[in-house]
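According to TrEMBL, the features are:
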BINDING   120, 121, 122, 123, 124, 125, 126, 127  ATP binding site
DOMAIN    27-680  domain 'Myosin motor'
DOMAIN    835-1009  domain 'TH1'
REGION    557-579  region 'Actin-binding'
């Protein structure tokens, strides 16, 4: 075959052949296309790839493998249903809708009956798959008002059957505990007109017993959780499920993942839709409640060890609900009727026998009610050994029908049939069901024979009758090594899916499941319509022993097989990816077990024994014709000749394919893969060439159109532009003349000749002024010089702008800054131009106080603490007589000033009596506070020296309100020493700062002269 290289992209087509390009990432859509089709590892790897890409469906030919995703996927929308309606089976990716649509279309076109067999472990998604098929038919089939009623009943029968037949198990919260065959009936036009449901192998034992972690059937919990209070009172029930013996053995009566209240609403609505009357519903709920009451009946031994019911509360409720006499029911539960020749004798039961009779009655009532329920729905619309036997029969049916369909297709196409080697499990089915020799016959014989029959005697009979069978083994018959893996009561069968070990304990009891005759008589007299229908008097007329459970199931299964053999099959195999029900988790060991258990590898081997791929000539030629020049773009001869020409050109070898009458058969997947890869590569190249040619033609046409349009537009545009330019020039001449005349008359009063120029000049000046406004109050040079006729306007605008800047500045300063400014204004008033050193002090901010409260001696502060400290500063005080310097603290309070020496107040100065404050005009820090001195008791003026003379004097004058009593002297200053005596302070300039007593007795203050800036 010719080689084609192509890089496989991530994008893949919707049909099967197109999807092959992405096979390395998402696997193949059909296991038949696997190269290593006999390898279980390759099978699991393909399944895992698809699962991780949320592709839960894969084909094996026409069989669909479905992996439960345990999450919602957007693949069941109304659009999807429409997409799969009426489409060729392999044209779209694998889907449950494709199986449903294919069965429906073939039924309508060929007028044949079909069946879809859905199988898999508990929790694998069988129930959901059946729902999806029903939903597909409900949405895509023809409809009328009458047909809609039928559809509603078909769909709503599911929640009713799930409520009564499903339960929580360790593996699945909604596990079906019965087999179900639903028959949907279509008219000749393809419209659904009715349905029929066949149930088999209901797990009745669950009514009386549940394993740890499991629950009874849903309906019990739904009734207690969702039933109205009045209804529960009428049924004699308590809402708490823990009050009932039949509901607590699994120890999980309430489960967070199950909404029993919502389930109850759904069931009640469904019962109404599928034509249950109120009386039917009342009788049905009465049966459910009576089962719960039965489970709570307790037996105690009397003096002779016979069973006795001491508390009759529960039995009275059962009597009311089932319409039977209390004493008759009580007798039936504690005695059994024995027929001895023509006489009937009541024999009392032991406590253990009574409990068995109670449980047998509960199971019989529930099991028969379930059968009645199925029949009622039809009107309007197991143990593990039996289950494995059922799987064997269905696997045998699957292989036989698959081989039959393969052989029929080969014969129809004229291709020689090649015998296929496969495991024929008929030998297993015969081992189980063969008349007189099979396990079921031996089990029935042991149940019916007189004498003491036990589970171990049944095992002995098996070893005697079928011990030599190659697929049967017991502990006794096994070798030493195998015995270590088996118990004494075990026997082992080699099923098609592998070895399964069974323990015989309980086989006989489960197979008998007998109900005492007198209990049947009690139920026959019931006034409950459902119970009366379930227990007919015909049962009492026959002396024949009822069929055992295994025999009943064998007959049911044989009937089912007969039904299926008369129809055309479709298969869905459901797989559970993990036991934890977690999305995205793929347990290889668990999946491998199910692949083996479901016989998928066996089915794949049967499908692949011949050819991996087959297609009708016209479909094959239509897809791959571009790979051959003779068939591209069109082949005008017969399709078979075109396909023959095509495969020879590609290079198919003789052993790689066969030509049938209407189809081509390709033996190896690699042959198809290479063909598809070549198709994808050629398609891309072809598309590129076609696009280039098409785009070139389109662009040339567009270019010619654009060129003509451009020439026409240019011509028109040039004319428009020329006219516009002429108009602009004429307008410009007029404006220029007008402005020249206006400029010449600009200093004249406004008139028509200069008004436009003045307006322009005014606008131009204002626009320039807006861009060059002063940014601060102190900027007096930036203001633009105005024209003469705008002088007044400019001055007014300048004032407004200055006022705006001042307001903006004032709004922006803080309260503290404002106080600083106010004090600086006072200082400027007092000192500006009058005292040296002031100019240097302007930039230094005044402090709130130069002393903190902790800087003042506590004792001294204690004396003046009743007043608030406004300002404090350290000073040097000179004595009035000898001018000796002393360090002191000047404290300015609210109404007084204090001169403090350590812990003493040396002098108190009242602001009200303060005469004034004097300083020199030099840069010294000396100032004199003048106080009244009218008698000898009063001290004289205070001479102080301070480093912050401007700040201190300003604070003093401000606090004492003595700005008008302040003066600056030159040369000398007189001060009062005591009444009638004055002193003099002389201020002079020198080389350094000195304060001393002069020879003339004056206080001499010498200060270096400050250089002016």
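Just so it is clear, glycine is given a Cβ too, placed from its N, Cα and C backbone atoms.
Any TrEMBL annotation is an automated prediction that lacks curation.
Keep in mind that what you see is a predicted model, and the values were worked out from it rather than measured.
Within 8 Å of the Cβ centroid of the ATP site, not counting the listed residues 120, 121, 122, 123, 124, 125, 126, 127, the chain contributes 68, 172, 175, 574, 576. Neighbour density for residue 125 (ATP binding site): within 10 A of its CB lie 24 other CB atoms from the protein chains shown. Other C-beta atoms found within 10 angstroms of the C-beta of residue 127 (ATP binding site) number 21, with every protein chain shown included.
On the 0 to 100 pLDDT scale, the domain 'TH1' (835-1009) averages 89 in this prediction. Taking Cβ-Cβ distances under 8 Å and a sequence gap of 6 or more within the same chain, the neighbours of residue 126 (ATP binding site) are 118, 119, 120, 176, 574. Long-range Cβ proximity for residue 123 (ATP binding site), meaning a same-chain Cβ under 8 A and a gap of 6 or more residues, is found for 68, 169, 171, 172, 175, 576, 579, 581. Of all the binding-site residues listed (121, 122), 122 has the fewest other CB atoms within 10 A of its CB. Sequence-distant neighbours of residue 124 (ATP binding site) (same chain, 6+ residues apart, CB-CB distance under 8 A): 66, 68, 574, 575, 576, 594.
If you draw a 10 Å sphere around the CB of residue 120 (ATP binding site), it holds 21 other CB atoms from the protein chains shown.
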